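Trainee: Please see the structure below; I have some questions.
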Amino acid sequence: MKDMDCIPGPKPLPVVGNLFDLDLDNALQSIIRMADEFGPLFQITINGQKQIFATSQALVDELCDETRFHKAVMGGVEKLRMLAQDGLFTAHHGERGWGIAHRILMPAFGPLRIRDMFEDMSDVAHQLCFKWARQGSSASINIAEDFTRLTLDTIALCTMSFRLNSYYNSETMHPFVQSMLYVLKEADLQATLPGVANCVRVKAQRRMSKHIQAMRNIAGDIIKGRRDKPEPVDDLLNTLLNGRDPVTGEGMSDELIISNIITFLVAGHETTSGLLSFTFYYLLQHPHVLEQARNEVDEVVGVGPITVQHLAKLPYIDAVMKESLRLMPTAPAFTVTPKKPEVVGGKWMVNTGQSVHVLLPVCLRDEAVFGPDAGEFRPTRMLEENFSKLPPNSWKPFGNGERGCIGRAFAWQEAQLVVASVLQTFDLVAEDPYYKLRIKETLTIKPDGFRVRATLRRGQSATALSQHNMSAGATASPGSSTHLAGDENGQDTAGGQPISFFYGSNSGTCKALAHRLASTMMTRGFTDQHLAQLDSAVDNLPRDQPTIIVTTTYDGQPTDDAKKFLAWLESGNVPSLHGVSYAVFGCGHQDWTKTFYRIPILIDDLMHKAGATRLTTRGTANAAVSDLFSDLEVWEETNLLPALREKFYLCNSSDFEPLDPHQLQISISKPARVGMHRDLVEGKVTAIRTLTSPGVPEKRHVEFQIPSEMALRPGDHVNILPVNPPCSVLRALARFSLASDHSITFESSNALDLPQATPVSAAELFSSYLELSQPATRINLKSLASATPSDDDKKELLHFHDSYDSLIRDKRVSVLDLLEHFTSITLPIATFISMLPVLRVRTYSLSMAPSFKPLHCSLTFSVVNEPAWSGNGRYLGVGSNYLASLTPGSILYVSPRPAKDAFHLPTDQSSNPIIMICAGSGLAPFRSFIQDRMAWLQQGKPLAKALLFFGCRGPHLDDLYHDELSEFESAGVVEVRRAYSKVPNHYLAKGCRYAQHRLLTETETIQDMWAHNATLYLCGSANLAKGVKAVLENMLGTLSEERYITEIF
């Protein structure tokens, strides 16, 4: 053997080793800095022990080979054995208690069991959202602390049906958390200090023991509470108490149960809260990523409840979380030791008993894998098409192999739900825009001192949010109510055509899939069924009937109940399987790229090699991105059933017959409210996205299909028929003590244009027919004054009448506002309805040229959600909040409204220059102008010069359609001149805050274009119009209405 290289590292001192090379408050950061100096493998001496650190993907790939290395418990983890003893995380390799607990608990963390926990996860996520909403947008939120509360409450509720209610005590953390934080910090410190130093820290040792005992007492109380009051729930706690090891038949001792309860409460929340905290830190540092993530949630979920099915449809959220965990792995290391002396990296010897720490914060930034920008936050590298191409063991934040995190699927589902819920509900901004990331270290890491502010989106109030069911929770698992044909002991059902099902399943998922398939096959004529574990098929595969195998891979190996079967197939002693007809359905998870579908593929190939006949191609289901039951059903319909028909003469009559559509007669008609307005047609939303970053007034883009008969030109308007914001509807219902489904019938509505003699639900009436936000009239004020018995209230209402313009009209105070303020008013609902006008259409400028995308239309709008001028609550724009609530597939009702003739493009765009001036969403009509010019250019026609002056707050804030306009500029369609009110010194703004100022920088160009018969267009506020007109008149003289055309909003 060639000479081995010495493992490099800083020179240790006697007794203290490398203690003085470490910042004890930030030991991890000290070690990370050493990696830059000493390379991919280095060692230091701590507490009298040499500790080796690996920092490259190539080394990690070696160290993750479980045939050569296994987990080592040392350092801070070893110190935690005082707390968690032989629990799943702290047990030594091969420790008997670990094996018993692991085999009992694995099924409790299978994909189906995790899906069933979704409703409880949603419950706690709602509590977080409600807390933030009720605190208001000015509250300073310590995001790491609140996520700690969330994750602790979630693990306790989902696994033990135990409510810690951390959000109901905002001043202090739960005692378990207080003790846990001390123990984690102290364990980390003790692992760093020399043994002699720990011996003299008597008070610290006593305090450590006190906190450990407190945590074990809490776990013991949980056990006692369940035993005193047993609950018939299929949760982790009952599994701990009643489960039996399938190998030894033993249950867990109380001490082992306590150790694992502590393990789950600590490991189940500490790292996940860090993941969430870092994820939102990176999102707020990268507004374009935040926008894309928020848009994905809006497009997939909209404003409705988040369901478990939505999570697999959020690939960008998934990539954001993976990238956050890559840069900041919250459990920053795992440790292995060789089974025998091993050479790693081709030149370093690691002896038995030596431990190697995989230093994840460095390994996961390996430029050899992730490129020169490995230190940058770029979620696209974690999208599936890129993630699947990474070298093996490039992304290991959940540890490795059989000692990897058992609760990974739980943590990931929880984190996906919380990220989606927060993005759906809030706009977040960092409290300190100049915050520099600091790391708080225990045995895990979190951001230190990172605080945010949260503002409810779409104008919701905290009350409305709490009354709105944000999530329907988990739907019943597709397999949860399935009749089980046979059982794990291999019992049969008699009669009909025979079929056998064999499954390999550790967590229960493949078993449930096999049962589901057996149940559906029962309806197709295969009523003589045998269903059992795969190991029972050794020398026992049936012939002359179909055999269906459902299995998966566990850490690259077969499941416990399939090991004998695979060994039999691999032994070479398998008799000919001629006459065996089989099909394999395999499950897997794409994150384990090296072993993805390994066992199903191997079983399929070995059976075929032994002479068995494949009925059909192998089916697969990827638990990371799809619903396993849906994938099984697709495979059954498209592959398995056709093969069974051909091979076993399964006739179509035995197939499952779907409901005959003629048995259910329905008709669909347009809403009655549509008939109250002229010329409304149906549009279907195809896209909606947010155009601005958090912290600035929200602007949105909505695009929808329109029928061919709806004629529009660039510059035209579109009427939309809105509904009132849900929070306004809830306010009205509450004021009149109505349920949303109370029925109201108008026997006579006099002059009101409301449905006659047709029941309307109270919610629909307030939502779709009446203007709830319309300012009260003077007559309304008199009517309300006459309806109150309170002299003081009457006097105040009459004062409002006398000062109507300043106190009511200008502050937009509605009748509903007044009814909520003056609770003494007794007003019949009929009187209230008669006071309100019928809900009217809202008008928006067209922001898409019909020539650019035929039969489509888009609107660009500001979402009006601001403090009410009355000083009470918030004012929500009816039309804009309605549009903001739409999602792709939504139906809305629209009609065209032509602009004035002058506010259209010149007939001859080749010879007539145009100058467009706008700010904010005033860009809308000019976007349609520019797109139409692009279509003109694409027809080979020349274009006269066009200038666009656009004012906004700044780049990456609300610079609407920036990339799109840049493309039009490059094509020669338009030249854009920007003004940024927040950053006027930006190179694009040329020192200008507002569009009128930007005009002055182009005086000569404007004058030249004016001399060549240019037309000037303006779209914006009255203030903008006033400032622009003053500049232009000084520059050009008198402006004629034929060549200076304005739209003021």
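From the backbone N, Cα and C atoms, a Cβ is placed for every residue, glycine too.
The heme binding site feature in Swiss-Prot is assigned to CYS405; the stated evidence is similarity to another entry. If you look up Swiss-Prot, you'll see 505-509, 584-616 marked as FMN binding site, on the strength of sequence analysis. What Swiss-Prot records for 461-470 is compositional bias 'Polar residues'. Under the heading compositional bias 'Low complexity', Swiss-Prot lists 471-482. For 499-640, the entry in Swiss-Prot reads domain 'Flavodoxin-like'. According to Swiss-Prot, the feature domain 'FAD-binding FR-type' maps to 678-906. Among the features that Swiss-Prot reports, region 'Disordered' is placed at 461-491.
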Trainee: Tell me, by DSSP, whether VAL584 (FMN binding site) is helix, strand or coil?
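Mentor: For VAL584 (FMN binding site) - judged by DSSP and reduced to three states - the answer is strand.
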Trainee: Reduced to three states, what secondary structure does DSSP give the residue listed as 'heme binding site'?
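Mentor: Going by the DSSP assignment, the residue listed as 'heme binding site' belongs to neither helix nor strand, so it counts as coil.
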Trainee: Which numbers of helix, strand and coil residues does DSSP report for the domain 'Flavodoxin-like' (499-640)?
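Mentor: DSSP composition of the domain 'Flavodoxin-like' (499-640): 54 helix, 34 strand, 54 coil.
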Trainee: Using C-alpha atoms only, work out the spacing between ASP604 (FMN binding site) and the residue listed as 'heme binding site' and round it to an integer in Å.
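Mentor: ASP604 (FMN binding site) to the residue listed as 'heme binding site', Cα-Cα distance: 29 Å.
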Trainee: How many Å lie between the Cα of LYS594 (FMN binding site) and the Cα of the residue listed as 'heme binding site'?
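Mentor: Approximately 18 Å lies between the Cα of LYS594 (FMN binding site) and that of the residue listed as 'heme binding site'.
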Trainee: Between CYS405, VAL584, which of the binding-site residues has the fewest other CB atoms within 10 angstroms in the structure shown?
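Mentor: Looking at the binding-site residues CYS405, VAL584, the Cβ with the fewest others within 10 Å is that of CYS405.
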Trainee: Please work out the mean pLDDT for the residues of the domain 'FAD-binding FR-type' (678-906).
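Mentor: That region's mean pLDDT is 90.
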Trainee: Considering only the binding-site residues SER505, VAL584, LYS609, which residue has the minimal Cα-Cα separation from CYS405 (heme binding site)?
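Mentor: So, of the listed binding-site residues, the one sitting closest to CYS405 (heme binding site) is SER505.
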Trainee: Tell me, how many other CB atoms lie within 10 A of the CB of SER505 (FMN binding site), whichever protein chain they belong to?
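Mentor: Here the count is 26.
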Trainee: Let me know how many other Cβ atoms fall within 10 Å of the Cβ of ASP604 (FMN binding site).
Mentor: 22
Trainee: Which residues, sitting 6 or more apart from ILE599 (FMN binding site) on the same chain, put a CB under 8 Å from its CB?
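Mentor: Counting only residues 6 or more apart in sequence, the Cβ neighbours of ILE599 (FMN binding site) under 8 Å are GLY504, THR551, THR552, THR553, TYR554, GLN557, PRO558, THR559, ALA562, LEU566, GLY586.
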